[in-house]
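If you check TrEMBL, you get these features:
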type     : residues : note
ACT_SITE : Cys115   : active site
ACT_SITE : His269   : active site
ACT_SITE : Asn299   : active site
DOMAIN   : 109-190  : domain 'Beta-ketoacyl-[acyl-carrier-protein] synthase III N-terminal'
DOMAIN   : 253-342  : domain 'Beta-ketoacyl-[acyl-carrier-protein] synthase III C-terminal'
REGION   : 270-274  : region 'ACP-binding'
Amino acid sequence: MYQSKIAGLGKYVPENVITNDDLSKIMDTNDAWIQERTGIKERRHIKKGDGNTTASMGAKAAKIALERANISKDDIDLIVFATLSPDYYFPGCGVQIQEMLEIHTCPALDIRNQCSGFIYGLSVADQFIKTGMYKNVLLIGSENHSGGLDFTTRGRSVSVIFGDGAGAAVLTRSDHNGQGVLSTHLHSEGKHALELSLKGPSTNHWVPEIIAENKAAGDESQLEDIPYYPYMNGQFVFKNAVVRFSEVIMEGLKANGMDVSDVDMLIPHQANLRISQFIQQKFKLRDDQVYNNIQKYGNTTAASIPIALTEAWEDGKVKEGDTIVLAAFGSGFTWASAVIEW
Ligand code: UT7
């Protein structure tokens, strides 16, 4: 049985910075509320005409990860792309990035597990490398949220949280036994699927139907529930998140005969700074053992962990021999953890 390791990391975020004050000019919100409830100060949004899409941001992050891994695109055996905001309904972003990076005809797989998407993808990559079927896997998490959020006061509890960006990792077969991905643990609970969801357009709520509904309403701003904007039962999601984050982190540590004292760095999915702080306190971790950057980027869903991991690595906060724990929770519900010996 082989072992996989992360050989290179990259990130890309659009240049366009949107502060809380910028949002307060277009909806009834304010910097104090957003910072107090979420810790977010600003986020990045794609600007019309800047050429960024979910796939193209992913390609930019992937290029950096490939360079740093010193692995040629010709040696990639599999592309795994995680997003909830693909450029097209179909095909997925995996094949688009294949074309953008001129990667040969390897398989391209799309992952639809929202905030847990990157760890789900990491687990898929790890399994293929472990069995020896593939040696090098390009894994991307990327999101264009800003194109699909409700920036009126009606949508404020969701739209202030999310931001755009992409992160990527190149996984390769590890030469050193014990170094690399030690375990991944994945979970989901479909009974809460609609608590954080975007219901349309879909085959259940098809475009002509939506157009007809809007026409009937006359003025869209009068509609309370618009299926093509994300819905989130915020407090319910929050309560489940803190429980599942804790469980899945402990599950990962226990599987490796470790406990919290073995963790050098926890990189949680950047859902809400208050969730990260809750976990930090619960596990009695120091500030330098938990990496957060939601303050700058908001919640970038499948991109948040690879962006945070890339930044932590760039800052020298992820070093050889360190035990790194990744953990995520989000829509589905889905949740997951990965324990990595760097
Ligand atoms: O990544 C996927 C996983 N996602 C998460 O983990 C998110 C989990 N949930 C959360 O982070 C929080 O629930 C939110 C940050 C989304 C919301 O915070 P909350 O403390 O649960 O606020 P709330 O929705 O209960 O709203 C409290 C009040 C309401 O006003 P009233 O009814 O008390 O008068 C809202 O209308 O705050 C109001 N409000 C806002 N006010 C200013 C909601 N959004 C805003 C806003 N600005 N942006």
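Residue numbering: from 1, along the chain as shown.
Quick reminder: no glycine exception, Cβ is built from N, Cα and C everywhere.
TrEMBL annotations: computationally assigned, not manually curated.
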Least buried of the active-site residues Cys115, His269, Asn299, going by other Cβ atoms within 10 Å?
Asn299
Per-state residue totals over the domain 'Beta-ketoacyl-[acyl-carrier-protein] synthase III C-terminal' (253-342) - DSSP helix, strand, coil
37 helix, 22 strand, 31 coil
With Cβ-Cβ distances below 8 Å as the criterion, list the same-chain residues six or more beyond the ends of the region 'ACP-binding' (270-274) that contact it, or say none.
37-40, 115, 161, 238, 241, 292-295, 297-300, 304-305, 307-308, 329-330
How far is it from His269 (active site) to Cys115 (active site), counting Cα to Cα, in Å?
7
In whole Å, how far does the CA atom of Asn299 (active site) lie from that of Cys115 (active site)?
9
What DSSP reports for the domain 'Beta-ketoacyl-[acyl-carrier-protein] synthase III N-terminal' (109-190) is 29 helix, 30 strand, 23 coil
